[in-house]
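Asks: Quick one: structure below, then a few questions.
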Amino acid sequence: MSDPRHIAIIMDGNGRWAKARGLPRSAGHRAGVEALREIVRAAGDRGLGYLTLFAFSSENWTRPSGEVSDLLGLLKLFIRRDLAELHRNNVRVNIIGERAELAADIRALLNEAESLTHRNTGLNLVIAFNYGSRDEIVRAVRSLARDVAAGLLDPSSISAELVSANLDTAGIPDPDLIIRTSGEMRLSNFLLWQAAYSEFLFLPCHWPDFRPTDLDAAYETFRQRERRFGGVEPRASADAEEEILCPSTKGAAV
């Protein structure tokens, strides 16, 4: 099978990484940002088309206020510190998620990241911020309902393609591979619509320990998968892989 065009990652385990080391959760989030930087560079070096990162869930607002403030501060720091480098490296930044109720300074930073890089032609870095897939789908349905109510849209013409065109990810191909770190085996309200035919890879290592070698191993695992897209015959055949490891940490198989 050919290499994935679009990889999406649920960056899980920052808090558990910190707890295992007797550190505050904030230290885990900071280590997670360092891993993020490294993987974005690695994805660009490998010629990946799209990398989507689940940075902040719409459910994360229920966390303790101090942790939320720390996460927002890290987002601001990442954009202010790294945006120039991303732009120099020809990375295009896209933000998905609900922005209407975000603080004005955060909205301004997100808009700046998109506007500065919108002509870049290298890696498409998609940051899911204040994102929840159910909310995304509800917003898309409401948009279609408004068009129906206004007489602009015949309900019988609504298709899967039209729904996709009204999602935050309009114009972005569905992920070929979704990776989740920290051993959890669920999507947690991430790209539910877009994941219809994605391959999944659940790794035991916590996100701060995820390295480019793990990304390379994910590529190799993907190459060994058989993707049928609802058909009978796979579009590419290879031997199935039973064990999935985090080679950088020699983690247990999942």
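From the backbone N, Cα and C atoms, a Cβ is placed for every residue, glycine too.
These figures come from a predicted structure and were not determined experimentally.
Annotations for this protein, taken from Swiss-Prot, read as follows:
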- Asp12: active site (ACT_SITE)
- Asn60: active site, proton acceptor (ACT_SITE)
- Asp12, Glu199: Mg(2+) binding site (BINDING)
- 13-17, Arg25, His29, 57-59, Trp61, Arg63, Arg180, 186-188: substrate binding site (BINDING)
Asks: Give me the count of other Cβ atoms within 10 A of the Cβ belonging to Asn60 (active site, proton acceptor).
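Replies: If we count other Cβ atoms within 10 Å of Asn60 (active site, proton acceptor), we arrive at 17.
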Asks: Taking 10 A as the limit, how many CB atoms besides its own sit near the CB of Arg180 (substrate binding site)?
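Replies: Looking across every protein chain shown, the total is 24.
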Asks: Can you tell me the CA-to-CA distance separating Asp12 (active site) and Glu199 (Mg(2+) binding site), as a whole number of Å?
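Replies: Given the Cα positions, Asp12 (active site) is 18 Å from Glu199 (Mg(2+) binding site).
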Asks: Within 10 Å of the Cβ of Trp17 (substrate binding site), how many other Cβ atoms are there?
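Replies: For Trp17 (substrate binding site), the 10 Å Cβ neighbour count is 24.
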Asks: Of the recorded positions listed here (Gly13, Gly15, Asn60), which is spatially closest to Glu199 (Mg(2+) binding site) when Cα positions are compared?
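Replies: Nearest candidate: Gly13.
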Asks: Give the three-state DSSP assignment (helix, strand or coil) for Asp12 (active site).
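Replies: Note: Asp12 (active site) is coil by DSSP, not helix or strand.
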